[in-house]
Structure formats: C-alpha cells, structure tokens
Amino acid sequence: MLSATKQTFRSLQIRTMSTNTKHYDYLVIGGGSGGVASARRAASYGAKTLLVEAKALGGTCVNVGCVPKKVMWYASDLATRVSHANEYGLYQNLPLDKEHLTFNWPEFKQKRDAYVHRLNGIYQKNLEKEKVDVVFGWARFNKDGNVEVQKRDNTTEVYSANHILVATGGKAIFPENIPGFELGTDSDGFFRLEEQPKKVVVVGAGYIGIELAGVFHGLGSETHLVIRGETVLRKFDECIQNTITDHYVKEGINVHKLSKIVKVEKNVETDKLKIHMNDSKSIDDVDELIWTIGRKSHLGMGSENVGIKLNSHDQIIADEYQNTNVPNIYSLGDVVGKVELTPVAIAAGRKLSNRLFGPEKFRNDKLDYENVPSVIFSHPEAGSIGISEKEAIEKYGKENIKVYNSKFTAMYYAMLSEKSPTRYKIVCAGPNEKVVGLHIVGDSSAEILQGFGVAIKMGATKADFDNCVAIHPTSAEELVTMR
C-alpha cells in the first residue's frame, strides 16, 4: 500500500501531466556533443527538432570530461614548464623548482567552472540560432512509443516524433563489491573537489586514470596509481604502454602494479582513508580516492518499453547507420559504446541527420569507424591511429608487416637535466607498406597526430611519408625520415 506521501506525489504527477502530445520531426534524448550536433544539423535542414537534456548542455565532454580535464592538464603541464625556466636562464632569482610549487586549486576551479558555464551558454545560443526547441528534464519512452519528459518544475509533457535519437552517454562504474567503495569518487567527482588533496589514490589503468594521475602529480599532490597489470593503457600499442608506465614511475608517481583494492576504511578522527590492497599492503592517510575503472551506458530512458535491444554489456545495439532494432529509433555515442570519443559522437550525429533530413546525396551517409585517431593527455602526451603491432601481426601475419621504430629525446630537453621521452612507431602492411598503425609518445603528440591522421585515413604508404619534406627542427620530422 502506498504511503500518504507517495499517494500525494502520484496525484501531483497526474494533475500536472499534459494531456496534449506535441509532435516533432526529430526528437533527441541527450544534450551531449553527439545529440547537440545531430539536433542542430537536422534543424538546419528545416526539421522541427526537440532536444531533451537532464542536466547541462554539452554532456560529459563539456561539463566533466574533455574540456575541464584539458584545462587542468594545461595547469599541470605549465607547472612542469615553469620548473624548467631556471635551466633556460630565466628568472634565476626566483625559486621555480618543483619543491617550491604552489597551486591555488579553489581559485582555479572557480575560473574553470566559469569557463564551462560559458560553454553551456554557447551551446544554448547555438541551438536557439538553429531554432531547436530545448527542454530540460528526464526523458522516458512510454509503452505507446512516445516520450514522456518530467521537467524540472515536476510537470510532465508527452512528445511524439517521426524520428527519435537516443544519445544519453555513459557514466562511471563503481566497484560495489569492495567494502567502503562509496568513500571514493569518480572522474565526475574530481571536478567537484574544492581543495587539492595532498595525497590521492587513482584506481585504473585506462586513459582517464592516467590523465588524472598525471594532473595530480604535476600539481604537487602525492599520487598513487593502482593498476591490475604490469602496464597502463593496455588497449594501446605496447610502445605507448611501456613508455608511459616507465616515465610515470621515473617521475615519482607511485604505481602499484598487479594490485587490487580489497577494502577502504575511513578514520573518523582524521577524516583520512586507508586503502587495503590484495598483497596485504595498504596506503594510509589518503585524502581522496578516485575510481576510474571503466564506464557503462547511461540507460533508464525506458528502452524496455519500446523493445530496444541491448548487448551483453547493456549497451544499445546500433548498426552502421545508427539504427536500433526499433524502426525510426536511433542511437550513437557512449550509450552505444563503439568508439567512446566526443568527435566520433559529433560526426555520427551529423551524418545521421544528413541521411534523415538532408539532400539525396546524403541518403547513405554514415560514419566510418575505422582509423579513428585518439590521444591521451598524459605527461607526456600519447596518440594512436589504426591498429597496434600485435593486432597487425594477427591480421596480416608477421611476415607481411614491417615496423619502424624511433626513440629519442626532443630538442627542448637538451637544456634540461630532467628528460621526457619521445617514442614513435609506424606499422606497415603489404608489399606497398601501407601505414596501418601509427603510435606516438612525446610533447605535442595530439597536435602532431591530427595531420597524420588525415594521411592515414587517405591510405598513405611509408613511401608517401618518405616523400614529404621534413620540417626542421621538430620532433614530428622523425615520422617522415624513419628508416
């Protein structure tokens, strides 16, 4: 039997639910990068478009992902660069070594958050410019195939559409089987931290954990990284795995290899955490624990009411054209989980709208998920496009591939006592040595990879690389001069 409170709440919902169903050409559930891009592109073709967002426009990337993460990376990178100034003959009357580093976390957080808020406003204005209707609230399919949205004022509206896109993104996974797991936070929680932790434990060997550990260490926190294997970034080529792992250890990040956390305890007197690991060791007096052990699809939009199929990982199944198994319902981005990168969601969203609402030439438009470049904003940066050396051997056979390697110290570090590694690898296949994989570690890897990504997407061979005149002196010239 319902309590009086629940009965009153249900009555309130019934009283405030709209009896009119509003119809659109296109309804987008999720105001992240992919959803916004698709909505704007559809509206640009004249489609009457509605976008529903539960939290803030921009999704994970703008609010708790790529954008504020990169801002923090800049701060951490600058802290390291400043410590190099004395060796370059600059400010020698000032103590700029790492031991004297100070960082005003609260002030910087305020500036960073203000920047994110400005971006939210820009997203809003861009949607308004394209005449996209925006509703803030929680969307859910009902059994009629329409979408009910519980708005922030607790009123509920019902919408129908010719085409519906689910682009609800993903969310962090917590290890709920570990006692005390709730004493830690996730990458979202990282951006809510009001003070810089003096001692922090980051759990996970993926790119999110590696990036956050690098930021904390660069800004002066005692940083511990707990990983299950011997290396970080195990989904990347071994040259990236080994180079970043070794450099993090060399730089002073406490990397706990072959380790798992079995229990987390809190000292109520000191407010500090004690992290127990499987090897009977522990990390004591920890200020913050950050779980970065993976992400999962953000569901809860009533997909079961319309019969949307999920895979074994509870991700929405979508084909190469972003179609789900339900006619006129589509899905893309992290909720699908093919390639969980913001530019991928944006590109897929735009191509979907091209196909649905654009001119005849776009009737078969779809995103090519092959050779998508990706980078890790570690310290130093790393980037990859194509397949790893191991994958190339499995695909083409060892006798049919050729691998070019180079490891060197960039010129910037010639004046410095502390060095940072640069490591490049080109993986080629077949008699014409088509470049099927490019893996780089070193300063400015993200900027370098963008241009080479175009070449590889176009089917470049090693000879094409060789025929490009080098720009000297740069690190990137090594990629067109390797033998």
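Residue 1 is the first one shown; counting continues down the chain.
Every residue gets a Cβ built from N, Cα and C, even glycine.
Annotated NADP(+)-binding residues in Swiss-Prot are Ala205, Ile208, Glu211, Arg228, Arg234, Glu340, Val375, and among Gly294, Gly300, Gly430 the one listed with them is Gly294. Of the residues proposed, Lys296, Lys425, Lys434, Lys457, the one Swiss-Prot records at the same glutathione site as Ser33, Arg40, Tyr123, Thr243, Arg350 is Lys425. Per Swiss-Prot, the residue from the list Asn154, Asn278 bearing the note N-linked glycosylation site is Asn278. Cys61 is paired in Swiss-Prot with Cys66, the candidate among Cys66, Cys239 named as its disulfide partner.
Cys66 (disulfide bond) is 8 Å away from Thr342 (FAD binding site) when you measure Cα to Cα. Of all the binding-site residues in the record (Arg228, Arg234, Gly294), the one with the smallest CA separation from Thr243 (glutathione binding site) is Arg234. In this structure the residues listed as binding NADP(+) are Ala205, Ile208, Glu211, Arg228, Arg234, Gly294, Glu340, Val375; their two most distant Cα atoms lie 22 Å apart. For Ser33 (FAD binding site), other Cβ atoms within 10 Å of its Cβ number 29. Taking Cα separation as the measure, Ala139 (FAD binding site) is nearest to Gly294 of the recorded positions Arg228, Asn278, Gly294, Lys425.
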